[in-house]
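Participant: Quick one: the structure is below, questions incoming.
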Amino acid sequence: MAKEIKFSEDARAAMLRGVDQLANTVKTTLGPKGRNVVLDKSYGSPEITNDGVTIAKSIDLEDHYENMGAKLVAEVASKTNDIAGDGTTTATVLAQSIIREGMKNVTAGANPVGIRTGIEKATKAAVDELHKISHKVNGKKEIAQVASVSSSNTEVGSLIADAMEKVGHDGVITIEESKGIDTELSVVEGMQFDRGYLSQYMVTDNDKMEADLDDPYILITDKKISNIQDILPLLQEIVQQGKALLIIADDVAGEALPTLVLNKIRGTFNVVAVKAPGFGDRRKAQLEDIATLTGGTVISSDLGLDLKDTKLEQLGRAGKVTVTKDNTTIVDGAGSKDAIAERVNIIKKQIDDTTSDFDREKLQERLAKLAGGVAVVKVGAATETELKERKYRIEDALNATRAAVEEGYVAGGGTALVDVLPAVAALKEEGDVQTGINIVLRALEEPVRQIAENAGKEGSVIVEQLKKEKQGVGYNAATDEWEDMAKSGIIDPTKVTRSALQNAASVAALMLTTEAVVADKPDPNANNNAAAGANPAAGMGGMM
């Protein structure tokens with residue numbers, strides 16, 4: 001297809017229009033008084049959300065050049081979500097400010113490379129200062145506060161704190177949809193290991209790119225499966241029962257993998273294959289753990305067992321299995337409590353006996369997975385639309401809480417970004433590099449400005465007042481009061497704030513140094529073809 005190219009000012013102006021359209025949509029959701037956005041769906045009812053990354057990903061603009069600008073900012077939100085799990089709206093607001101102010105200066109004749117250098121230096125200074133003013137999370141109360149701010153709901157905050165208390169900071173917490181209207185927390189025996197599906201065609205949820213198996217059989221083996229004939233009799237029995245199957249093996253390759261994928265796509269049966277976790281002797285031990293949890297048997301040559309002779313009774317069972325590209329979570333395994341308790345005692349004895357710190361750490365990981373269980377948050381709501389919106393909020397809250405446990409927390413509501421202004425302002429450079437620093441100084445004020453404007457206040461007035469307050473004191477948009485943010489429970493994970501700034505600065509700096517944009521040339525016949533398709537009688541020359 002022929003290409004169309006725009007250069008310098010034309011290219012940047014078109015991309016900026018796209019940036020503004022996306023960012024102006026997303027930033028209306030920022031803060032406790034942020035609004036919702038309604039997303040049209042090709043099927044089902046419209047979706048109502050205030051989740052920044054969900055909104056950003058759903059926006060496609062008709063103009064190719066504008067769409068490129070929008071997609072680059074959507075990438076900022078997506079990357080921040082991947083790293084920290086929250087802060088996507090803040091990242092979008094920061095990116096828009098840096099891009100907009102940067103393009104003004106580039107248009108006025110500034111050197112974009114110098115501006116980029118200034119942006120990078122200012123961002124590093126801001127991130128270093130964020131780490132200095134960060135506080136460690138101590139106890140259930142602070143965990144609940146982080147989750148409450150992220151979800152704008154104190155009940156959700158308490159729920160996440162309870163879940164973390166029950167399974168530990170590193171424990172597995174999953175979020176499911178409930179059939180009722182109440183949101184509940186339960187802890188079930190379960191395990192998670194760091195192996196994902198071998199083919200993305202095995203997923204059952206294309207939005208989340210994960211596979212959910214209800215009440216599946218689980219084949220556990222340390223062998224490599226390359227010939228489908230080895231497990232064909234077993235597969236036929238499972239298909240007859242209408243059950244799903246999880247295969248945990250050394251590898252699934254050769255003709256076996258495409259055959260399984262083909263049967264999954266055709267709807268013959270639901271199957272997911274993953275590689276066994278660990279390596280060497282540690283892999284064998286982990287497979288035994290999984291077998292104990294699910295009430296199955298490891299099909300291994302060491303035990304004189306062959307795949308061809310495997311019976312249904314030797315397979316494990318579980319209430320639910322969720323597989324993503326990176327992890328497999330087994331919930332409600334069918335193993336007996338006595339067998340699990342015995343296995344736990346064996347691992348505890350091994351921990352006491354070992355002299356290796358590395359081995360002790362790995363054994364403790366196995367113990368946590370086997371004995372800790374999985375916390376399941378069942379999200380309830382009156383309608384499907386409300387259910388989806390509430391689920392997004394709880395997922396954000398969980399991600400924010402984990403980020404806070406990892407790197408600590410700072411004052412929320414955009415206060416921390418204003419608190420680091422003096423450290424950034426202390427940088428003194430020449431010319432366009434200083435211009436880049438000034439651009440970041442302005443951008444750091446933008447989240448507070450937007451939160452205030454969403455609450456019906458004059459953003460500039462709030463920002464100027466905030467600069468006069470002592471560190472940690474900020475504007476609480478929910479109560480319209482000036483408060484010590486940490487004492488009021490308005491705190492953000494340091495990792496979320498840091499990631500939002502770093503990702504925004506990175507993409508903004510790249511956009512400012514863009515000199516040409518290449519896009520597909522619009523097809524002049526496309527509209528004519530569409531019109532003809534919409535009117536079957538078109539071109540039939542009066543044959544009536």
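From the backbone N, Cα and C atoms, a Cβ is placed for every residue, glycine too.
Model, not experiment: these values are computed from the prediction.
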Participant: So which range, 246-268, 269-291, 522-544, gets flagged region 'Disordered' in Swiss-Prot?
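Facilitator: Within the set 246-268, 269-291, 522-544, Swiss-Prot attaches region 'Disordered' to 522-544.
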Participant: Per Swiss-Prot, what member of Asp10, Asp63, Asp432, Asp492 joins Thr29, Leu30, Gly31, Pro32, Asp86, Gly87, Thr88, Thr89, Thr90, Gly413, Asn476, Ala477, Ala478 in binding ATP at one site?
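Facilitator: Only hit among Asp10, Asp63, Asp432, Asp492 in Swiss-Prot's ATP site, alongside Thr29, Leu30, Gly31, Pro32, Asp86, Gly87, Thr88, Thr89, Thr90, Gly413, Asn476, Ala477, Ala478: Asp492.
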Participant: According to DSSP, which kind of secondary structure is Gly31 (ATP binding site) found in, if we only use helix, strand and coil?
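Facilitator: In the DSSP reduction, Gly31 (ATP binding site) maps to coil.
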Participant: Just how many other Cβ atoms lie inside 10 Å of the Cβ on Thr29 (ATP binding site)?
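Facilitator: Other Cβ atoms within 10 Å of Thr29 (ATP binding site): 21.
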Participant: Out of Thr88, Thr90, Asn476, which of the binding-site residues has the smallest number of neighbouring Cβ atoms within 10 Å?
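Facilitator: Output over binding-site residues Thr88, Thr90, Asn476: least Cβ neighbours within 10 Å is Asn476.
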Participant: Determine the Cβ neighbour count for Asp86 (ATP binding site): the number of other Cβ atoms within 10 Å of its Cβ.
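Facilitator: Asp86 (ATP binding site) is surrounded by 34 other Cβ atoms within 10 Å.
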Participant: When you look at Thr29, Leu30, Gly31, Pro32, Asp86, Gly87, Thr88, Thr89, Thr90, Gly413, Asn476, Ala477, Ala478, Asp492, which the record names as binding ATP, what is the longest CA to CA distance in angstrom?
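Facilitator: Farthest-apart Cα atoms in Thr29, Leu30, Gly31, Pro32, Asp86, Gly87, Thr88, Thr89, Thr90, Gly413, Asn476, Ala477, Ala478, Asp492 are separated by 20 Å.
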Participant: Hey, which of the binding-site residues Gly31, Ala478 is the loneliest by Cβ count within 10 Å?
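Facilitator: Ranked by other Cβ atoms within 10 Å, the binding-site residues Gly31, Ala478 bottom out at Ala478.
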